[in-house]
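Some notes on the structure that comes next.
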Ligand code: AMP
């Protein structure tokens, strides 16, 4: 924005030179000799447009009072920055009371004397933020109170998220929100030929820093279109995409084509069809050819037909058979449908087996039977029907294509003689009624589970045969028929035989080779392990999984540091300001400029002077650990400086500091999705660490850092003794210090720290996050916390906590560590919640903090009951009043000490009532613990 200066008293517009001696115009004032200066300079009216949060960048020089002789008492080294919001331009007169002060501005650098005595001008840059702004525009004003200032430039700007396309949705230019922490939710519009995914409309959030965050939902290309970059393009000719759910266009399946672009399906070639239920992805098919080898057997007025499947199934596996039965007159041959009196077993159509029995035919009648194979597209086809037919006269044989019906195998037994992996030997007896001399037998067989039922045949001149080239462990179906001069007879019954399993000891050579290779690997590992000894003591692993190596296993800790951390040149690091106090020295912010790279903001942990060798080792240990990790949700180590002083660890800069303090500062300001997004990040970082075999032991919101994009990263790595320096850690009876409120029971009780105990701590972090940095278990003492947890109590859902999140916390706090979810599952659950924000809705009525910290509001406050009977009435168990009195439980304190055995001994026999009473007693006990601190001795 261009600025025009309207109101000038004492301030002068002057030409000068900047640091590089380039001519510039400045506004200057230098009334340092006179006291009580009040000189104002004001901008013209600046229309704010859509902006709500305005940045003001000032460049100025300020004269050091010490360099001005004789000004003691009157010279100042600061000036004040003000603003005034108005809807329209106002007059030139400044009324100070209408201005709101933004800040007092001081210089980081002032005029200094150069080596040769000439004055050098040092330019200062300061940025201030104003907002939320509500009027149409504003003025900026500068108040000089007696300093020597030259205002060189004022840049006024606001930030916005630039229009982008993400997940095929367009998000327009969006001005950032009014608050530092506010995210502006923006709905995306699908690009052309894309549509919103069901229940997953695209959204993004514009952060105050002008960056797009937390993309949710997406658009997908419509049917007939596929994604290319940020757009949807039509499928090419010969390709199709049937649904928006499919990612890619596919080539037209067999026997189909299309000659248009952007098709959702392909058309069938002539003579090929698609059944109504066929998806567009399968080939077009055609009706099957006629069944083969149709034979019959007639017994007075009953005919049995048997056939083989068609040579061509039409490309489908839904072939069935239907029989058309016609009765024909002798001369001239005229046929009519058989009518309803004929019986078909199992049925006339829809047959899946290749045989049928037709009974109740008329005696001495002439019949024609057509056997037609049909499939899912037979009814769509207008081509000629293909069938196999026989004509039969009841009570006599005539016109049979297979005239040897007497060679009937039915009733003959087939024996399996020898079953091997690849062969089966069968034997049988000659049929009882051979129709002449049997010259040959045909053995037909097929794989039982094969869909297309492809038959093979073997011929034999004797009553036995061996069928070879079979697959091991496979069921085959065999049928045998005999051949005489009159032709083939009927096939005998089906015999199912399964070949033997392939024996594992089949190829001793392979086994020997495997054993030899495995032996060599073990030997190599042993020799390798022996040579490198301590150095890789924990690192023996198989390729593919990166494993954390405990730096303590290195004899020389310096080697560990240099194995995992880059040594940086101290001259690349510029320390700017102190941001915190670490255990070993100050933590500063600054910049790291590596040769050939952009400078990046960094946090620098320093080791205080006068350190001992042990302190140096412990300090660098964190770097040796951090340097092994590389994950977006684990704080990244830039490098170390060990060859200069001070010794430094340089880490990526996390602008918003530690998570607990950050959440407290922004209490209630985030959406649930944002909170879950943070939790997802932490879980992903922990999944990575646990996959590497690293157990954190001190996972807590205070040990998570947050950057300017609200990305959370796990930090604070160290060996167990580093935890000793956590102010939350206290000594426990098992020795060593433990952050009790964050630690799983088994870790407190017997120091069993595992990724499962990290999951417990993660549950506590979830609770800290959702409650905006509330202290877990509030002001309860550590002893009471341990006691309450032991008795089965768990933190209740924080205010506005979606039930699903609280359930996940409770799962993390399962007593048995095997029952807790793994980090991998936690990430999956949170991802699902983010994808379906509806699951994160809080049911009405849970939006207030619980009265008692350990309980939901719905739980009565047991400490307010005055007698045992009042309590029993409240839990609707008054029927047991007398039982309590008779057993001597007259006070609530005595009731609170009861165990389940005590409850049972009162004579409460119903399990449901026992549970209700016991759970109420436990709740009462917890409330007493919380209210009276010391609790009840059980
Ligand atoms: P630590 O010794 O790691 O506990 O650090 C002390 C404090 O310095 C922390 O509580 C943070 O506020 C701050 N700090 C540490 N590391 C960083 C970092 N990478 N970026 C920003 N602040 C940090």
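First residue shown is number 1, and so on along the chain.
From the backbone N, Cα and C atoms, a Cβ is placed for every residue, glycine too.
Annotated ATP-binding residues in TrEMBL are 579, 580, 581, 582, 583, 584, 585, 586, 587, and among 566, 597, 605, 614 the one listed with them is 605. Ranges compared are 485-508, 509-532, 533-556, and TrEMBL records transmembrane segment for 509-532.
Note: the Cα of residue 30 (disulfide bond) and the Cα of residue 75 (disulfide bond) are spaced 9 Å from each other. For the domain 'SAM' (863-927), the DSSP-based tally of helix, strand and coil residues reads 46 helix, 0 strand, 19 coil. Spacing of residue 65 (disulfide bond) relative to residue 698 (active site, proton acceptor) is 51 Å (Cα to Cα, whole number). Geometry remark: residue 698 (active site, proton acceptor) versus residue 148 (disulfide bond), CA distance 52 Å. Highest Cβ count within 10 Å among the disulfide-bonded residues 30, 65, 148: 148. Taking a C-beta cut-off of under 8 angstroms and a sequence separation of 6 or more, residue 75 (disulfide bond) has the following same-chain neighbours: 32, 65, 68, 146, 147, 148. Cβ contacts within 10 Å of residue 698 (active site, proton acceptor), excluding its own Cβ and spanning all protein chains shown: 26.
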